[in-house]
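Feature table excerpt (TrEMBL):
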| type | residues | note |
| --- | --- | --- |
| DOMAIN | 7-206 | domain 'Cytidylate kinase' |
| BINDING | Gly11, Pro12, Ala13, Ala14, Ala15, Gly16, Lys17, Gly18, Thr19 | ATP binding site |
Amino acid sequence: MIGALVIAVDGPAAAGKGTLARRLAAALGLPYLDTGLLYRATGRRVLDRGADPHDAAIAAEAAAALRPEDLDRGDLRGPAADMAASTVAAIPAVRAALLEWQREFGRRHGAVLDGRDIGTVVFPAAPVKLFVTASPEERARRRWLELQARGVAADQAQVAAEIRDRDAQDANRPVAPLKPAEDALLLDTTALDAEAAFARALEMVRDRLNFLDAIPAEA
Ligand code: CDP
Ligand code: CDP
């Protein structure tokens, strides 16, 4: 059962989705996919061409031409890359081009995937869906600390404003907006460090799987 298990981890920016999803995947022996990288790499390709990330035709072409090695680029994070990712992510043709890639990845051996629409669109039938949140202040603090650690000088209020704008763009777009699936389990990590969030998430995953196992299979 664990072999084909898909776990969806969604939530707003800097909530700790990636850190949590990676640890869950390692603990459960599942592959991990950071789906934000697909949108980041698409946005980066558009910027590299000197084009506007709002240009739907160019962005769709960039998404269709994406290759696995594009996800390993070192320049996919930072304010410009963050916003370019969110802007191309609002374009339906971009999302369509990236959908099958994500489904293929998860179907093959099961997986933990993190993003915005994994539980609502990519794997709506995933047995386990976590929606990870933290207060906007705490998320801004976490992203700011990450920038500090990378030696990037940043203003905390500026980081907070960028996160707020990006979350608003992600939550208000018509296609695959950021929102919890109806059957998502909510995990507020505002007062939890990464270790405590992982322990709680693992408990939630186990409870959910035990609960599903206890339901008799349909005749
Ligand atoms: O993927 P997402 O943007 O949601 O967040 P992330 O990149 O996994 O994590 C953002 C930062 O928050 C990382 O530096 C984590 O160490 C830290 N953090 C966390 O992931 N979980 C907590 N409960 C607390 C802090
Ligand atoms: O790590 P962080 O939460 O800051 O961002 P990310 O997960 O790397 O995603 C970057 C951007 O890609 C988001 O702001 C979304 O606009 C988009 N995205 C999406 O639309 N759907 C996904 N499944 C994953 C990311």
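Glycine is treated like the rest: Cβ placed from N, Cα and C.
No curator has checked TrEMBL annotations; they are predicted automatically.
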An 8 Å radius from the center of the Gly11, Pro12, Ala13, Ala14, Ala15, Gly16, Lys17, Gly18, Thr19 Cβ atoms defines the neighbourhood of the ATP site; name the other residues of that chain inside it, in order.
Leu20, Asp114, Val132, Ala134, Arg139
Below 8 Å Cβ to Cβ and six or more residues apart, same chain only. Which residues does that give for Ala15 (ATP binding site)?
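The list for Ala15 (ATP binding site) reads Val132, Thr133, Ala134, Arg139, Thr189, given in order along the sequence.
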In three-state terms from DSSP, label Lys17 (ATP binding site) for me.
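In the DSSP reduction, Lys17 (ATP binding site) maps to helix.
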Name the secondary structure element type, per DSSP in three states, that contains Gly11 (ATP binding site).
coil
Taking the Cβ of Gly11 (ATP binding site) as the centre, how many other Cβ atoms fall within a 10 Å radius?
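A count of 26.
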Within a 10 Å radius of its Cβ, which of these binding-site residues (Ala13, Lys17, Thr19) has the fewest neighbouring Cβ atoms?
Thr19
Listed binding-site residues are Gly11, Ala13, Ala15, Thr19; which sit with C-beta under 6 angstroms of ligand 2?
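If the test is a Cβ under 6 Å from any atom of ligand 2, the answer is Ala13.
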